[in-house]
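A.B. asks: Here you go, one structure.
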Amino acid sequence: MRLTVIGTGYLGAVHAACMAEIGHDVLGVDVDEAKIAALAEGRAPFFEPGFPEVLKRNLENGRLRFGTSLAEAGAFGDVHFVCVGTPQRPGSHAADLRYVDAVVGGLAPHLRPGALVVGKSTVPVGTAARLADSVPALAWNPEFLREGFAVEDTLRPDRLVVGVTSAADEDVLRAVYAPILAAGTPWVSTDPATAELVKVAANSFLATKISFINAMAEICEAAGADVTTLAGAIGYDARIGDRFLRAGVGFGGGCLPKDIRAFRHRAAELGLADSVRFLHEVDEINGRRRTRAVDLARELVGGSFAGTSVTVLGATFKPDSDDIRDSPALAVANAIRAEGAQVTVHDPQGIDNARAVYPDLDYSPKAQKACEGAHVVVLATEWAEYRELDPAAVREVVAAPALVDARNALDLPAWQEAGWDVRALGRSL
Ligand code: UDX
């Protein structure tokens, strides 16, 4: 089939390459000419394990190409996936739908007869209904990929969810995804409103799970208990499950924070603010963990950051990504810097992105080197390489052996044995 993918950010670029990988002819379209030029040359505009290989392979076999014109997209495709961003509107919690509206409106006059437009962007419930009259056929097909596992999640998703208004549209989408469905992937076919809601409900649940365990971390701190043991113990209950129960400095990134806020905003518009009021609490708990990480570090330097050197290990919102959007690590680094410390940040992939937005922080390309002269080291993103650090060797280079493990990622007894004064979120050590 001939598909277009409009919007080649994280979601769109991976979707385009993976649709080519399963055998379709794909045109990726974006207004950003530099991004399109890079993709067309096989250069990934972001760090994502496995993506460069899929991109190159499908450029070379001729199934994948890129362009910047909606008219070309309309002439090319039978099915058009809309993958543009829906960021948080400045000064509001609402989702900014201008890019979705612009693409659907811009594509409409160029569509071939029988073409299907499929929204993948995360949108407030009701968006598909609002746009239904702008194009002859519209479906919604939310995407659940995680950064760091984007290719895997697209080719082997937990489920495929489509919101359609006709059996014919469902058949088109079944044909698009046939190779993935053949592997036994669950197929959920529903109306567009339910499909839109599945996405925000899933992200709200995940955010709630993280904030739940982080609330338990707050209690554990006061009670002298250990949240990592607690999480493991409740996680053995299959009804709870052990995933997404890692207590730490909380969630960030381009999805969970903005999606739960946009959901609250949309629920309020529907007169149902009370139904998701708990998401306000979820957001508050998440923010408090960042503050708590800063408090623990301040305690370790004797009550004031003025004149101290602080090292923050990690800049990205999670490991195996170069994405720094709403990163807890950088929020912590900036808060500490604002209190007068000189802050050095290390990250295996995120330094270029971080430096572009926060030029006032210092950056170091090597983790141990970043720790030189530090009065406290804060681990804020659990990159695997930090577990390889030798506590004794790092101790040799710091000004004081003080550590905050804000992700509960390290073997803390080993650090204590090497003479480190250690604090962690949700644990008394
Ligand atoms: C998320 C959803 O998982 C995905 O399904 C959706 O499509 C987009 O949003 P992503 O933003 O890539 O994906 O990151 P995810 O792996 O979900 O992590 C989100 C944040 O939660 C990260 O900052 C991570 O560090 C944090 N987190 C995750 C925790 O603090 N504890 C956990 O146990 C799990």
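Cβ atoms are placed via backbone N, Cα and C, with glycine included.
What TrEMBL records for this protein is below:
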type	residues	note
ACT_SITE	Cys255	active site, nucleophile
BINDING	Asp30, Lys35, Thr86, Thr122, Glu147, Lys258, Arg325	NAD(+) binding site
BINDING	Phe144, Leu145, Arg146, Glu147, Lys199, Phe244, Leu245, Arg246, Ala247, Gly248, Gly252, Lys318	substrate binding site
DOMAIN	311-412	domain 'UDP-glucose/GDP-mannose dehydrogenase C-terminal'
A.B. asks: Using DSSP, would you call Lys199 (substrate binding site) helix, strand or coil?
C.D. replies: helix
A.B. asks: Closest of the binding-site residues to Gly252 (substrate binding site), Cα to Cα, picking from Asp30, Lys35, Thr86, Lys258, Arg325?
C.D. replies: Arg325
A.B. asks: Give me the Cα-Cα distance between Phe144 (substrate binding site) and Asp30 (NAD(+) binding site), rounded to a whole Å.
C.D. replies: 21
A.B. asks: Relative to ligand 1, which of the recorded positions Asp30, Arg146, Lys199, Cys255, Lys258, Arg325 have a Cβ found under 6 Å from one of its atoms?
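C.D. replies: Only Arg146, Cys255 qualify.
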A.B. asks: Per-residue pLDDT averaged over the domain 'UDP-glucose/GDP-mannose dehydrogenase C-terminal' (311-412) comes to what?
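C.D. replies: That region's mean pLDDT is 98.
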A.B. asks: Rounded to a whole number, how many Å is the Cα of Asp30 (NAD(+) binding site) away from the Cα of Leu245 (substrate binding site)?
C.D. replies: 37
A.B. asks: For the substrate site as recorded (Phe144, Leu145, Arg146, Glu147, Lys199, Phe244, Leu245, Arg246, Ala247, Gly248, Gly252, Lys318), determine the largest distance between any two Cα atoms, in Å, rounded to the nearest integer.
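C.D. replies: For the residues that bind substrate, the greatest Cα distance is 24 Å.
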